[in-house]
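Working notes, beginning with the structure itself.
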Amino acid sequence: SNSTGATPSEEMNGTGNLMDFLDEPFPDVSTYEDFHTIDWLREKSRDTDRHRKITTKSKESYWELIKSLLDAWSGWVVMLLIGMLTGTLAGVIDLAVDWMTDLKEGVCLSAFYYSHEQCCWTSNETTFDDRDKCPQWQKWAELMTGHSEGAGAYVLNYFLYVLWALLFSFLAVSLVRVFAPYACGSGIPEIKTILSGFIIRGYLGKWTLLIKTVTLVLAVSSGLSLGKEGPLVHVACCCGNLFCSLFSKYSKNEGKRREVLSAAAAAGVSVAFGAPIGGVLFSLEEVSYYFPLKTLWRSFFAALVAAFTLRAINPFGNSRLVLFYVEYHTPWYMAELVPFILLGVFGGLWGTLFIRGNIAWCRRRKTTLLGKYPVLEVIVITGITAVLAFPNPYTRRSTSELISELFNDCGALESSQLCDYVNNPNMSRPVDDIPDRPAGPGVYSALWQLALALIFKIVITIFTFGMKIPSGLFIPSMAVGAIAGRIVGIAVEQMAYHHHDWIIFKNWCRPGADCVTPGLYAMVGAAACLGGVTRMTVSLVVIMFELTGGLEYIVPLMAAAVTSKWVADAFGKEGIYESHIQLNGYPYLDVRDEFTHRTLATDVMRPRRSEPPLAVLTQDSTTVEDVETLIKDTDYNGFPVVVSRESERLIGFVQRRELTVAIKTARQKQDGVVSSSVVYFTEDNPQVAEACDPQPLKLRRILNLSPFTVTDHTPMETVVDIFRKLGLRQCLVTRSGRLLGIITKKDVLRHMAQMMNQDPESIMFN
C-alpha cells in the first residue's frame with residue numbers, strides 16, 4: 001500500500017493508507033507473554049468472530065465451502081492424531097520398561113532385547129511350575145561366574161542390580177537437567193494450572209516430549225518408587241500441543257488449545273491404565289477447568305483411539321489393555337464392608353501423611369542447599385532404594401508386577417509364596433473354586449516380607465515424589481494400599497477359616513467354601529490409598545474397575561473411595577496436586593474453594609490509598625511519546641482508557657502488547673507519525689489546529705469497548721465467582737461511571753491467600 005496515491009483529503013483524515021494496512025492483522029498480537037494468564041472471554045469472542053467469517057465466506061464458493069468443512073473436521077483430526085501418537089508412545093514405554101527392569105537382574109541369551117517373560121515363552125524346557133526358570137534366561141552372576149547359587153552369586157547379583165539402578169537414574173536426571181528441565185515431576189499440577197488459563201512456555205514443547213518419554217523409561221526401570229501414569233498425562237498433553245501447532249484454529253487461540261489439551265489428558269490416562277472411560281472422567285473431575293460438552297465427546301474419541309492403538313501394539317502380550325486383570329468373580333458379603341471401610345480409613349490417613357510429609361520435604365528442597373544438587377539427590381535416593389529393595393522379593397521386582405500379584409487370587413496353579421496354603425489331601429473339588437484353607441509357612445513369611453515392604457514403600461515414596469525426574473504417583477500409592485489390603489484380606493480369611501462358627505461368619509461361610517478373596521481386599525486398599533492422596537472419587541472407581549475388570553466390586557470400591565476422601569478431607573482440603581500448585585505458587589483459582597469472607601471490591605483493588613494513581617490513557621490527548629514512556633516505565637498487562645484525567649469516566653481497556661505492536665507498526669509503515677503525534681481512541685479524529693501539527697494516530701480498533709467492570713461495593717464473593725466462571729484476567733472497578741481501580745487475577749489470589757492467613761507473596765507469577 002504505497003501512500004503516494006492517496007489524495008490530500010484522505011491524508012487529512014489519516015484513513016486512506018492507514019486502513020490499507022489495518023486490514024492486515026498485527027503479527028503476534030494474539031499471543032501472551034510467558035507466565036501470564038489468558039483471558040477466556042476474549043479468546044472465546046475471537047473464536048466466534050473467526051467462525052462467523054468462515055461461515056459467511058463458505059456461501060461464496062465451493063472452495064470456501066470445502067475449507068469450512070475441513071475447519072469443522074480439524075478438531076476430530078487432531079484427536080485422532082493425539083490418540084495414535086499417545087498410544088504408540090505408551091506401548092513403546094511399556095515394552096522398554098519391561099525389558100530394562102529385567103535387565104537389572106539378568107539377560108536373555110537367545111535375543112538380548114527380550115524381557116524375562118518373552119525369553120521364556122519360546123523355551124521348550126519350561127514346565128508350568130518353573131515357568132520363570134528357563135536356560136535361555138541367565139542372571140548376571142550365572143553368566144559371569146557360572147554359579148547360580150551361593151553367597152558369591154547373591155552378592156554379585158546384588159551389586160549389579162544396584163549398579164544398573166544407579167546408571168538408569170543418573171542418565172534420567174542428567175537428560176532432564178541438560179535438555180528439558182520441565183520434564184521432571186509428575187506434570188499434573190502444572191497441567192491443571194495450564195488448563196486453568198496460565199501460560200508456561202516450553203512446558204508442552206517438543207523437547208519436553210522427547211526427553212520425558214526417554215527419561216520416564218529410565219526412571220521407572222531404575223526401580224525407584226514411582227509410576228508412569230502422571231507423566232503419561234504430561235506426555236499426552238505434549239502430543240496435543242504438538243498437533244495444535246499444525247492447525248491455526250488451535251495454534252492462534254489459547255482457549256481452543258486448552259480444549260484440545262483437556263482431551264489429550266483423557267487419552268493419557270486411557271493408555272496409562274487401559275481405562276478409556278476412566279480417562280475421560282479423570283480429565284473432567286481432576287484436571288480440566290473449562291470442560292464443555294463438545295470437549296467431552298472429543299475426549300471420549302481421543303481416549304478410544306489411544307486405547308485402540310495401545311491394544312494394537314499389545315505390550316503385555318496378553319491381548320488385554322489392562323495391567324491388573326483379575327479372574328475371580330466370587331461374591332462379597334455385607335459383613336465385609338467393615339474391613340473395606342477400615343481400609344478406606346487407612347487410605348485417608350496415608351493420603352494425609354503422604355501429602356504433609358511430601359510437601360514438607362519439597363519445601364525443604366526449595367529453601368535449603370538440597371535443591372542445589374538435584375543429581376546427587378536422585379542418586380542417593382536411588383542407591384538407598386536399590387540397596388533396601390533387593391533383599392525383599394516383593395520390592396525387588398517392578399511395582400506394577402507387585403500390584404498384579406497382590407490383586408490375584410490363589411488358584412490351583414499359582415506358584416507364588418503368597419499361595420502356600422496347607423492343602424487338604426482328600427479334597428476333590430472343581431479346580432477353580434478352592435475352599436478356604438489354613439495358611440502354610442510360606443504365607444507367614446510372605447506376610448512378614450509384605451509388612452516390611454509396606455513400611456519401606458510408605459517412607460521412600462515421600463522422598464521420591466517431586467525429585468528432578470519424571471515421577472508418577474498412582475502406582476506407588478496403589479502399591480501401599482494393595483499391600484495393606486492383602487495383609488488384611490489374609491487376616492480376615494484365616495479368621496473366617498478358624499472361627500467359622502462365629503455369628504458374623506455363620507451366614508456366609510460354610511466349612512469347605514471359598515468365602516474370602518484376599519485379592520479383593522488388595523484392590524479395595526489400592527483404591528482407598530489412591531483416593532486419599534488425589535481426592536478423586538468417581539474417576540477413581542471407574543479406573544479401578546476398568547483396570548481389574550472386577551465389575552462386581554463397584555460397591556466395595558465406592559465405599560472405600562468415599563471413606564478415604566472423608567477421612568483425608570478432615571485433615572486438610574487439598575489433594576496432592578493442589579498442594580503442589582500452592583507450593584509452587586501457580587495462579588490457580590480452584591473451582592472447589594469456597595470464599596466466605598465479607599470483603600468488598602474496594603478492599604482488593606489497586607491502587608491502594610498509599611499507592612500512586614492508576615496508569616491510564618486518555619481518549620484524545622495522549623501523545624505517542626507519552627504512551628511509549630508509560631509502556632517503558634510500567635509492566636502492567638494493559639491500560640484503561642478514560643475520557644480525560646479530570647472526569648476519569650471509563651471508555652475501554654487496551655492490552656499492553658497490542659498497544660506496543662500497533663505503535664511500532666505505525667512508526668514503520670505510516671508517514672507522519674512522530675513522537676508528538678496524538679493518539680486517539682474516538683470514532684472521529686480530534687481537530688487538527690494547524691497544518692503544521694503532526695498527523696494523529698487512530699487506535700480505536702485495538703480498544704476493547706466492553707471491559708468487565710464491577711462497582712466498588714461488589715462483594716468479593718461475587719468477584720471471585722466472576723473470575724472463576726468467566727476466566728477473566730482483569731476487572732475494572734468503577735463508582736457511578738468513574739474509574740477507581742483494577743483487580744487482576746493475581747490480586748484475587750493474593751487476597752484469598754491473605755484471608756487464609758498464608759503469605760500472599762507466595763503467588764509468584766502474573
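We number each residue from 1, going along the chain as drawn.
Cβ coordinates are placed from backbone N, Cα and C, and glycine is handled just like the others.
Sequence annotations record features per position, and here TrEMBL assigns domain 'CBS' to 605-669 (among others). The helix, strand and coil residue counts that DSSP assigns across the domain 'CBS' (605-669) are 24 helix, 17 strand, 24 coil.
Annotation source TrEMBL lists domain 'CBS' at 703-761 (among others). Secondary structure of the domain 'CBS' (703-761), assigned with DSSP and counted as helix (H, G, I), strand (E, B) and coil, comes to 24 helix, 19 strand, 16 coil.
Annotation comment: TrEMBL describes 73-97 (among others) as transmembrane segment.
Same-chain residues lying 6+ beyond the ends of the transmembrane segment (158-180) with a Cβ under 8 Å from its Cβ atoms: 100, 103-105, 140-141, 205, 207-208, 210-212, 214-215, 218-219, 221-224, 374-375, 378-379, 382-383, 385-387, 390-391, 396, 467-470. What TrEMBL lists as transmembrane segment is 158-180 (among others).
Residues annotated as transmembrane segment in TrEMBL: 200-220 (among others). Distant neighbours of the transmembrane segment (200-220): 34-35, 89, 92-93, 96-97, 100-101, 168-169, 171-173, 175-176, 179-180, 182-183, 187, 190, 193-194, 226-228, 231-232, 234-235, 237-242, 261, 398, 469-471; these residues of the same chain sit at least 6 beyond its ends, with a Cβ under 8 Å from one of its Cβ atoms.
For 260-284 (among others), the entry in TrEMBL reads transmembrane segment. Away from its own ends, the transmembrane segment (260-284) comes close to residues 75, 78-79, 82-83, 86-87, 90-91, 191, 194-195, 204, 228-229, 232-237, 239-241, 243-244, 250, 290-291, 295-296, 298-307, 309-310, 320-323, 472, 474, 536, 538-539, 542-543, 546-547 of its chain (Cβ-Cβ under 8 Å, at least six residues beyond either end).
Sequence annotations record features per position, and here TrEMBL assigns transmembrane segment to 296-313 (among others).
Taken from TrEMBL, the feature transmembrane segment covers 333-355 (among others).
Note on the transmembrane segment (375-394): residues 158, 161-162, 165-166, 168-170, 172-174, 177, 222-225, 365, 402, 417, 446, 449-450, 452-453, 456, 460, 463-464, 467-469, 483 of its chain, located 6 or more positions outside it, place their CB under 8 angstroms from a CB of the stretch. Annotation comment: TrEMBL describes 375-394 (among others) as transmembrane segment.
Summarising the annotation, TrEMBL assigns transmembrane segment to 446-466 (among others).
According to TrEMBL, the transmembrane segment annotation covers 473-492 (among others). Sequence-distant contacts of the transmembrane segment (473-492) (same chain, six or more residues past either end, CB-CB distance under 8 Å): 186, 225-230, 272-273, 336, 339, 342-343, 346-347, 350-351, 354, 394, 399-400, 402-403, 406-407, 418, 439, 443, 447, 450-451, 453-454, 457-458, 461, 464-465, 516-530, 532-534, 576.
Counting residues 6+ beyond its ends, the transmembrane segment (520-545) has Cβ neighbours under 8 Å at 269, 273, 275, 277-279, 281-282, 284-286, 326, 328, 330, 332, 339-340, 343-344, 346-352, 354-355, 403, 406-407, 473-474, 477-486, 488-489, 492, 551, 553-554, 556-565, 567-569, 574-577 in the same chain. Annotation source TrEMBL lists transmembrane segment at 520-545 (among others).
The largest share of C-beta pairs under 8 angstroms with the transmembrane segment (333-355) comes from 446-466, of the ranges 73-97, 296-313, 446-466. Looking at the domain 'CBS' (703-761) alone, the prediction's average pLDDT is 90.
Proximity of distant same-chain residues to the transmembrane segment (446-466), defined by a Cβ-Cβ separation under 8 Å and at least 6 residues beyond the stretch ends, is recorded for 185-186, 224-226, 350, 353-354, 357-358, 361-362, 365, 381, 384-385, 388-389, 392-395, 402, 417-418, 420, 473, 476-477, 479-480, 483-484, 486-487, 490, 576, 580.
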